[in-house]
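The annotation domain 'Radical SAM core' is assigned in Swiss-Prot to 8-234 on the grounds of sequence analysis. Annotation comment: Swiss-Prot describes Arg17, Arg68, Thr99, Lys160, Arg262, Leu263, Arg264 as GTP binding site, evidence class sequence analysis. Positions annotated as [4Fe-4S] cluster 1 binding site by Swiss-Prot: Cys24, Cys28, Cys31. Positions annotated as S-adenosyl-L-methionine binding site by Swiss-Prot, on the basis of sequence analysis: Tyr30, Gly72, Ser123, Met194. Look at Swiss-Prot and you will find Cys257, Cys260, Cys274 tagged as [4Fe-4S] cluster 2 binding site, backed by sequence analysis.
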Amino acid sequence: MASQLTDAFARKFYYLRLSITDVCNFRCTYCLPDGYKPSGVTNKGFLTVDEIRRVTRAFASLGTEKVRLTGGEPSLRRDFTDIIAAVRENDAIRQIAVTTNGYRLERDVANWRDAGLTGINVSVDSLDARQFHAITGQDKFNQVMAGIDAAFEVGFEKVKVNTVLMRDVNHHQLDTFLNWIQHRPIQLRFIELMETGEGSELFRKHHISGQVLRDELLRRGWIHQLRQRSDGPAQVFCHPDYAGEIGLIMPYEKDFCATCNRLRVSSIGKLHLCLFGEGGVNLRDLLEDDTQQQALEARISAALREKKQTHFLHQNNTGITQNLSYIGG
């Protein structure tokens, strides 16, 4: 194995977020309010199963332990189950997760688990069916809830649920969410709304700091847990009276980037050192043949020397991120 991926600030990278499509069938207000529009960058289409196999093999050799498949909506790819199986071929990768809108969860989750999937994140921004419809543009609330139930039925011990925290939309619904997870092993993760190139007006209107929820959770006796090295950025809280957990993802908080442990590869094969970074490093020309792995690993390692200390979101920098489907959120 090559040496562990480490940047100039001594941060080690165990976690790859791999986008496999930027297509999505939902129209969430904070991401794709006008629906998916092809960007014109699909010169070769999205990464193939073989290309995904090669890029994840290289990252595994460089110390990656966890791969999250993202989009867009990953399950819209007809070969999604094959993609899971291809990533699973790497023994060094202990966790394979997906972030999904839950649209096909009920139908396909058993097949995904059989292929090697170990973790599921489902986006649910409201537990009110009408508000869910208003946020996503899809009247699929009951279908998504059935999908979460199906995940438990096929053997997943925990499901993570992502909720984008929005002022005057869902920030006042904490009690409703807590009731939902009291007897369910769901890690409910409130994610602060982030400003993107296309979402500045929405950000100004609806952003609220996750510190508001953190203060309330601590007041109610919730306990902050320690992070593991391949965990995502959430601050996780537990309570003895609840089967579920609460996670808070607060990218505007001081020192948020100090524990960064993840890199991103886009659906067209570009390595992004930060969700809000500039440009990206092309890897696709080194994904054509198995004999290119050493050169691929060298390019990834060299690129990491350019990773900045912080995302500079607090300075109103949004980089090239037009919307969160662009490189997988």
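Any Cβ shown, glycine's included, is placed from N, Cα and C.
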Taking the Cβ of Arg68 (GTP binding site) as centre, how many other Cβ atoms lie within 10 Å?
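A count of 22.
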Which residue, out of the binding-site residues Cys24, Cys31, Cys257, shows the minimum number of other Cβ atoms inside 10 Å of its Cβ in this structure?
Cys257
Considering only the binding-site residues Gly72, Thr99, Cys257, Cys260, Arg262, which fall within 10 Å of Cys24 ([4Fe-4S] cluster 1 binding site) when distances are taken between Cα atoms?
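Close binding-site residues: Gly72.
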Tell me the Cα distance separating Ser123 (S-adenosyl-L-methionine binding site) from Cys28 ([4Fe-4S] cluster 1 binding site), rounded to the nearest angstrom.
10
Within the domain 'Radical SAM core' (8-234) only, compute the mean pLDDT.
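When the pLDDT values over the domain 'Radical SAM core' (8-234) are averaged, the result is 92.
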Lys160 (GTP binding site): which of the binding-site residues Ser123, Met194, Cys260, Cys274 is the nearest Cα neighbour?
Ser123
Cβ distance under 8 Å to Arg262 (GTP binding site), same chain, sequence separation 6 or more: which residues?
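Within the chain, Arg262 (GTP binding site) has Cβ neighbours under 8 Å at Phe13, Tyr14, Tyr15, Leu16, Arg17, Gly232, Pro233.
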Could you say whether, by DSSP, Cys28 ([4Fe-4S] cluster 1 binding site) belongs to a helix, a strand or a coil region?
coil
What is the total of other Cβ atoms whose distance to the Cβ of Gly72 (S-adenosyl-L-methionine binding site) is within 10 Å?
27
Using a 10 angstroms cut-off on Cβ to Cβ distances, just flag whichever of Arg17, Lys160, Arg264 is the loneliest among these binding-site residues.
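Lowest Cβ count within 10 Å among the binding-site residues (Arg17, Lys160, Arg264) is Lys160.
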Do me a favour and check the Cα-Cα span between Arg68 (GTP binding site) and Ser123 (S-adenosyl-L-methionine binding site); whole Å is fine.
14
What does DSSP say about Cys274 ([4Fe-4S] cluster 2 binding site): helix, strand or coil?
coil
Which of the three DSSP states, helix, strand or coil, fits Cys257 ([4Fe-4S] cluster 2 binding site)?
helix
On a count of neighbouring CB atoms within 10 A, which of the binding-site residues Cys28, Met194, Cys260, Leu263, Cys274 is highest?
Leu263
Going by C-alpha positions, which of the binding-site residues (Thr99, Cys257, Cys260, Leu263) is nearest Met194 (S-adenosyl-L-methionine binding site)?
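Closest candidate to Met194 (S-adenosyl-L-methionine binding site), judged by Cα separation, is Cys257.
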